[in-house]
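A short worksheet on the structure shown next.
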Amino acid sequence: MPLRVTFLGTAGAIPTTERNPSAIFVAREGEELLFDAGEGTQRQMMRFGTGFSVSHLFVTHLHGDHVLGIPGLLQTMDFNDREEPLTIHTPSGTRRELKGLVNALGNRPSFPVRINEVGDGDVAYRADEYEVRAFATDHDARSVGYALVEDDRKGRFDRERAEELGVPVGPKFSKLHEGESVELEDGTVVDPDQVVGDPRPGRAIVYTGDTRPAAATVEAADEPDLLIHDATFADDRADRAAETAHSTARQAAEIANRAGADRLALMHLSSRYAGRTDAHLEQAREVFAGDETDAFVPDDGQALEIPFPDD
Ligand SMILES: [Zn+2]
Ligand SMILES: [Zn+2]
C-alpha cells in the first residue's frame, strides 16, 4: 500500500528560480490529494509527472503563495473535460475568498467543485482507511494545518500458533484474522486473540502550512512518520519569524521532537536564503532527535515513500 509524497513547491512567499510556491502532492493507493496550490502548481505537476487526478485539495490559508495556482489548475482540468468532482477544503470563514479564485476562471468548470470549510479538530475528509484532519495553526490569516492519519491495521496473524492449536489451513485462518472465533471439528473454540497480535499503527503525515510553532501541531498525529513544517527563516531572522507568524528551522525541529516525528521536511524557505540550505539544516539538526539526515530541506520535485513503521 504505497504512500508517496511529492514536494511540488517548497518556496516561501516569493518563488525563486529553483523553488515554486507551496504545493504538496500525496498519492495513496490510487487516490491523489493536493495540499496547497501556489502559483504554477499545474506546471510542477506536469514536470514531476503526478497527473491531474486529484480528488481533494486542502488549502491551509488564503495567502497568494498557497492558492494562486488554483484558477490555472482548474482551468486545465476543465480543458481536459474532467467530470469527477473536486472538493476544496479551506479554513472556516474563507469560503467566499476561495469562491473568488474559482470564479477567476471566467466560466463554470466542466466538473463540480465543492467547497468544505474546516476548523480545528474537524475531519475534513474520511476515506476508507484513513482520514485527513484539520488542526489549528498560528498565522496572520485564518489558517489550519492538515494531518493525514491512517487507521490501525490488523495485528499480525501467527500461522504457526494457529496450526499448533489445530486450526486447519484455509478459510478459518482468515476468519480468525478478521476477528471471529472459530470452532474446530473436536468442538474446541479458538479465539482471535490467541493467534492475532495487537493492531499495528498506520502511517501519518502532518503538514502545517505557514505557522508559528503551535501546540496543535504536536497533537495533530501520534508520532507522525513525516512532519512537513514551516521553516521560513534561520536563527538570524528569528525575530522576523515571530513578527510575520512563521517559524525558524530550529523551532520546526523542536515541534518535530515534541510530536515524536520520524522525519522532518523544512518547507517554505524565504527567498533571502535562495540557493542556501546550510543554516536551516545545521540548526534543525542540532535539535532534531531523530537521525540527522531525516531532517531535510526537500527540493522541488523530490518524492518520498512513507513505509509502514514496522516494515
Ligand atoms: Zn506562505
Ligand atoms: Zn501565509
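Just so you know, the numbers here start at 1 and follow the chain as drawn.
Backbone N, Cα and C atoms are what each Cβ position is placed from, and that goes for glycine too.
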Per TrEMBL record, range annotated region 'Disordered' [choices 32-51, 172-191, 192-211, 292-311]
292-311
Let me know which member of His89, His268 TrEMBL also records as binding Zn(2+) 2 at the site of Asp65, His66, Asp210.
His268
Other than Asp65, His66, Asp210, His268 themselves, what residues in this chain have Cβ atoms within 8 Å of the centroid of the Zn(2+) 2 site's Cβ atoms?
Gly12, Ala13, Pro21, Ser22, Asp36, Gly38, Thr60, His61, His63, Gly209, Asp230
Write down the Cα-Cα distance for Asp65 (active site, proton acceptor) and His268 (Zn(2+) 2 binding site), rounded and given in Å.
10
For the domain 'Metallo-beta-lactamase' (20-246), what's the model's average pLDDT?
96
Which listed residue (Asp65, Asp210) has most other Cβ within 10 Å, given these are recorded positions:
Asp210
